[in-house]
Amino acid sequence: MTNRNVQAMDEARRSASFDSKKMAEAIYGREEHNRHITAFQRVEQALDTADNMKLPPCYRDMNRQELLLEGLRTGKVVYEDGVDNNCGVFEYVTHHGSLANASPFGLMRFLFIPPVKQLGTDEQIAQWVPLAEAGKIIGSYTQTELGHGTQVRGIETTATFDKETDEFVIHSPTLSSTKYWPGGLGVVSTHTLLMARMILDGKDLGVHAFIMQIRSLDNFKPLPGIELGDIGMKMAYNGTDNGYAIFNHVRIPRTNLLMRHCQVARDGSYTSNPLRQKLAFGGMLSGRGIIARAATFQLAQALTITTRYSVIRQQGTLSPLGEPTAIIAYKHQHSRLLSLIAKSYISLLAWKSANAASADLKSRQERGDHSTLPYIHMLMCGLKAWSTQTAADGAEEARKMCGGYGYLAISGFPEIAASVTATCTFEGENFVAKYLLKGFDAKKLPADMAYMSEYETVAEDKEVCCAAGEDLLAHDALQEIFDYRAATSAREVHEAVKASERAGKSRLEAENTHALQLHVAARAHIERFILSAAVWQLNCLPAATPSAIKTVLGRLISLFGLTAIASPLEPFASSFLGYGYITSSHLKDMQKQIDDLLEVLLPDAIALTDAWSFSDASLASALGCADGDICARLLAWTRQLPINVEAAKNGGVFKKGWEENIRPFLNRDLSHLDVKAKL
């Protein structure tokens, strides 16, 4: 059986139309891909997880404290690898591919060092950043409170300046001001970047950022006036210590206020750059891009496991001779699988374009140009929302495609699905639409909305898409359809909001009334960007890129576009049907093209997932190892589970369960009952 499985996997790899290593270079870049492989090999060697027949440590029986201890053990190795090798591979992700905040040390490079660099003076950066980079302090980011999350304006924690002592007094004035949820805060961090309301001479100057030491570096106790703790088990991320903090008039030096864009002098006078909020806000947008990329890779992890399982797992037959059939051959299986693989690639390509746009904003802001900030804010919020929701839904779908085995912890799916679901919540809710309304309110549409001016009279024109048959595979034809939907959806909801305002509602009330329509319009606009960005990235591939790579990426883009419009499994497909631009005839043609794409892409499924270059140890899946030896590995890992190891020591008896409950249950005195059954 093992040889058959391994042979089936080898055959699936040989059927590909392209070299998966060349595709990996398109995903990562050649040098980055080599660094990626080497870094994972180093860490897995240090953690002793390279043997894929050995049960990964994460599947041993562990309580809350033991899970955190394991997170500390692995996080220490990963962080030190980055320091010792000057390597940034694990800057934003863990050795399992989760977002870096799944590690107790992960927030240092994700949400501690970057804000210090963005908001601190050169002197403050020189003071704090080298300590954090070298691991001499452990930093976290403390914003969320019991009563307030990403709504920064609602934060209640205060930082009141005391002129006499030249200190800020940090205080939690209410129960709801308790800091609650920040990663690394509960038991691990020595320092945190604290968001608190600055109070000067009784005046509230809004939320500012402070560096605050919270634990002693000698005995690690919380500093006086600070209560810290862990918030307990979560659906995932249990290798880190999401925590709470309560401050009781804790004093910190005035110079701990991050002062690049605002200053408090010794006499208590306050000055700030008029663009302080824009400068601070623009620098924080990169976090959303990091989340979008991490979610995309976690979706790819789930799809890698499912694809490999689907090649090996046999059920029923499609053969006239009755030979068993691999489940990947069934249309319902590979149509879902390949459509999700297409989404994973398109999500990555879109992220690359958005990341470049974000880098351009940073460069502009350094020159005093903030003109693209509203656009980049919308773009990063929208892409983060789309990517994380797509990844969360896709990972769960991938789990279900593995049947009962996908429900096992050792499949890897429970951790992947739960951790990627968390990314939907990070950085706020997934509704971004105000930008579109403001765009229509303006005298001139923003540059990224300019295409909408071409669709001002669509309701009257009764225009119908002119593409048909194979022409619907063309990226420009798909772009036209996506543009049409986005423009008409946005214009329609803007008119509805304005009508509600004319009827006497406030703008906020009108937005709430039409919230679902706004959500559809926002999604349409961001999906329009995603498609155009993917096509742009394809066209910008280096000239030396093999034509086979360009061909398969082009097919994935077409599959993404067509399934978004015509797949009965897509929840927003109906939004393409407004005003009759897409007809039933188009949908039939599209379904035919989808079927043809699925047929030609099916032999590439393994290569498309191999190209992500996930190591067996990083997947931590008995179903998803590269060799395809699923049955042998499932049994080997199952035998190594602590409950089975312990039972084996006692002749196959789960001793404690037998002695405390099973034996008393079987031997219960039933003489008081009329029971006649006997063995």
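Cβ from N, Cα, C; glycine included.
The feature active site, proton acceptor is assigned by TrEMBL to GLU427. The feature FAD binding site is assigned by TrEMBL to THR144, GLY183. Among the features that TrEMBL reports, domain 'Acyl-coenzyme A oxidase N-terminal' is placed at 19-138. Positions annotated as domain 'Acyl-CoA oxidase C-alpha1' by TrEMBL: 281-432. Under the heading domain 'Acyl-CoA oxidase C-terminal', TrEMBL lists 476-666.
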Give me the CA-CA distance between GLY183 (FAD binding site) and GLU427 (active site, proton acceptor), in Å, as a whole number.
13
Judged by the number of other CB atoms within 10 angstroms, which among GLY183, GLU427 is the least packed of the recorded positions?
GLU427
Determine the Cβ neighbour count for THR144 (FAD binding site): the number of other Cβ atoms within 10 Å of its Cβ.
22
Integer Å value for the Cα distance linking GLU427 (active site, proton acceptor) with THR144 (FAD binding site) is 10
